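Report on the structure given below.
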Amino acid sequence: EGSGPIWLNGLRCRGTEERLALCRHRGWRPHVCAHEEDASAVCSAAPAVRLVGSAGRCAGRLEIFHAGQWGTVCDDLWGLEDAAVVCRQLGCGAALDAPRAAFFGEGTGPIWLDDVRCQGNESSLLRCPSSPWGHNNCQHLEDAAVVCAGTGDAGTEGAVVGTSSLSPCGGSW
């Protein structure tokens, strides 16, 4: 079950849309639904990424879903080029900052990636060189973060790419 606002209701996709914002729905706004109605969809085999720990949807601690659990990215070598790839991947505009040292709080679980070295033009964080999955010399006080120019509000993709947790309210998609 999720928590917080439920942003979409009555989502109806044909399957050809490039993103959920292009599907028919009842509008991007908080809906009065129960979280026991939350739904999830795995959109690709690539691990999902999300930003957490801030009030906005396009800023926060970077987390990656891999091997069935969410984990973080270490801030060793972390910079604006890496943040730019994440912002692009999430549809959140340009990268404004690449905070280090658990700026948005320490995560839990595994630290999945370390020594990420994006050039800034990659389509996905997973296309950037890094240490192998789960190999790191880090602690969560070194969790990497991202601040993007966009807000992820109405009509844009949310802060999770690869999976989506939305509530269909009323049981239909």
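Even glycines carry a Cβ here, placed using N, Cα and C.
This prediction places the mean pLDDT of the domain 'SRCR' (1-44) at 74. Positions annotated as domain 'SRCR' by TrEMBL: 1-44 (among others).
Taken from TrEMBL, the feature disulfide bond applies to Cys13-Cys23 (among others).
Annotated domain 'SRCR' per TrEMBL: 49-149 (among others), in sequence order.
The Cβ neighbour count for Cys138 (disulfide bond), using a 10 Å radius and every protein chain shown, is 18. Feature annotation from TrEMBL assigns disulfide bond to Cys74-Cys138 (among others).
As annotated by TrEMBL, disulfide bond applies to Cys87-Cys148 (among others). Cys148 (disulfide bond): 26 other CB atoms within 10 A of its CB, across all protein chains.
TrEMBL lists Cys118-Cys128 (among others) with the feature disulfide bond. Less than 8 angstroms from the CB of Cys128 (disulfide bond) sit Asp82, Val85, Val116, Arg117, Cys118, Gln119, Glu122, each of them six or more residues away in the same chain.
Neighbour counts were taken at the CB atom with a 10 A radius for the disulfide-bonded residues Cys13, Cys74; the maximum falls on Cys74.
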